[in-house]
Amino acid sequence: MDAEVSCLSHALQLHALILKTGGDHRHPHSLAFSHPGRSSATVNAVVRCYARSDRPREALLFFYFHLQRSGPTPDPFALALLLSSCARLRVAYEGRQLHALSLKRGFSSNRRVQNSLIHMYSACGSLDHAAQVFDRVPERDVVSWTSMINGAVEANRPLHALHLFDSMQRHGVEPNDATIVAVLRACAEAGALGLGRRVHEMAVRARLDSKAKVATSLIDMYTKCGCISSAERLFEKMPNRDLFAWTAMLFGLANHGRCEDALRLFYQMLEDGVRPNDRTITAVLSACRNAGKVAEGYRIYNYMHRYGLRPRIQHYGCMVDLLARAGHLDEAEGFLRRIPIEPDGIMWRTLIWASKLHGKFNHAERFMNEWKVLEKNSTKSENFVLIGNMYASIGKWEDKAKVRELMLARRINKVPGYSRIEVNGIIHEFEAGDSGHPEAKRIYEKINEMTENLRLEGFTPKASEVLLDMEDDEKILQLHHHSERLAVAFGLISTNPGEKILVIKNLRSCEDCHTAMKLISKVYDREITIRDRIRFHHFVNGSCSCKDYW
């Protein structure tokens, strides 16, 4: 939440001081204050000027300072613009105040205000409040539905967003380009390739696919659903590629581990006269990180100065990750200590994880002690999970137990791992050891078959990947029931021989599952693609596209 808006009283005092001491009368609010016959039209003009500019907070300041004290009654148009400003600033408190005002002034049934309320609550992460407003709208238009779909995507509920889109279609509401973009984002996050293709066809029929935002969203959807070749074909056909399209394609190549292609595309973009922004650099650095290209990473990092870009925390994080993952732990630590900002948890977790990966347990313990996250009021579960797993990996079970006790004391719940797979247009979600699926019996029969086939191929489970204090037999059983194995087993029994299998996983793949998937792709002659939290893994005939570097 923006401090200037959340601390509204301080902002108003500052605003009053500016006016008292003679503010700049070139600004719209100064003109409105000096206008003797202030009308709703004047007010709307000023609010609209600020709400649609890069200064939406000024619209709220103007409204609270002036209108509520001495100005005319705000009309629905002004309220809608102000709610839009709250949405852009992600300030739910001020939005609720405006909601109360709309009820008081009898504007709550106004279509523009209703849609703006849905958009505001959705953008602020208050999806339940948005749904309450949405449910009271008698005739929902495309704006109402699109705001709800967008809100669900922003709240990391892509399956709910797709359910809303299905309901929208059943109600006979035709999507516009904003709807298409929102639904493609949901498809991308859920890994719903089948639905994404149908939305693509829908966009073509409605002649929306040529719009820049739709085309870029299609590229993003195809890359995140594992079809990088489809994304490349779309990109090549785009007559006018803007920076967003270039960046989406670069992120796609990076996430699929195609560093050389990403670098070539980046330099082509520069030759075409397109200037990179922060996200573009992040995309190319990610490509270097996923391929261990240290020299190229430094080169891209230095490009920022050439284009007047100041490194941000994500760029520092990429460099630390690149160096640490490549085994340059001392260099990564030195880089982290030289950056002009305080390192965030992601950087520390990167160093600890990489230390474990390269067997530098002394480094890992030193980083854990220096980070001191256990002594702080941290509530991020991933911090505690990493430290607990680190202790478990070196057999310090008592220390791991203390971390678990601290999590319980702070009421921190571990984020559950899950894997999703789309079959016949339906998304199926699995957790480790899941037995609630209607096809659970057949799935576990397939798991047993897969386990036996892996054994015949000479596969030995890596029990050390299970960081729990239990017997090895129990650990191996847990490995066999990891969520991605259940999803792949379901894919094998539910799709035709030779059909590709795509699984979306919310956590990083473990080494045991990665090795197993290579063999499964060979034994069953299937191309298996798994998108984990870090990148894509394409398993074909016993090998992986990541070349065992992830």
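Quick reminder: no glycine exception, Cβ is built from N, Cα and C everywhere.
Curation does not apply to TrEMBL; its annotations are automatic.
Marked as repeat 'PPR' by TrEMBL: 39-74 (among others).
Within the chain carrying the repeat 'PPR' (141-175), a Cβ under 8 angstroms from the stretch's Cβ atoms is held by residues 111, 114-115, 118-119, 121-123, 125, 127, 130-131, 134, 182-183, 185-190, 192, 195, 202, 206, 427, 429, all 6 or more beyond its ends. If you look up TrEMBL, you'll see 141-175 (among others) marked as repeat 'PPR'.
Note on the repeat 'PPR' (242-276): DSSP counts are 26 helix, 0 strand, 9 coil. The feature repeat 'PPR' is assigned by TrEMBL to 242-276 (among others).
Remote same-chain partners of the repeat 'PPR' (277-311), defined as residues 6 or more beyond its termini with a Cβ less than 8 Å from a stretch Cβ, comprise 243, 246-247, 250-251, 253-255, 257-260, 262-263, 266, 269, 318-319, 321-323, 325-326, 328, 339, 534-535, 546, 549-550. Marked as repeat 'PPR' by TrEMBL: 277-311 (among others).
Taken from TrEMBL, the feature domain 'DYW' applies to 458-550. DSSP labels the residues of the domain 'DYW' (458-550) in these numbers: 37 helix, 16 strand, 40 coil.
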Taken over the repeat 'PPR' (242-276), the model's mean pLDDT: 96
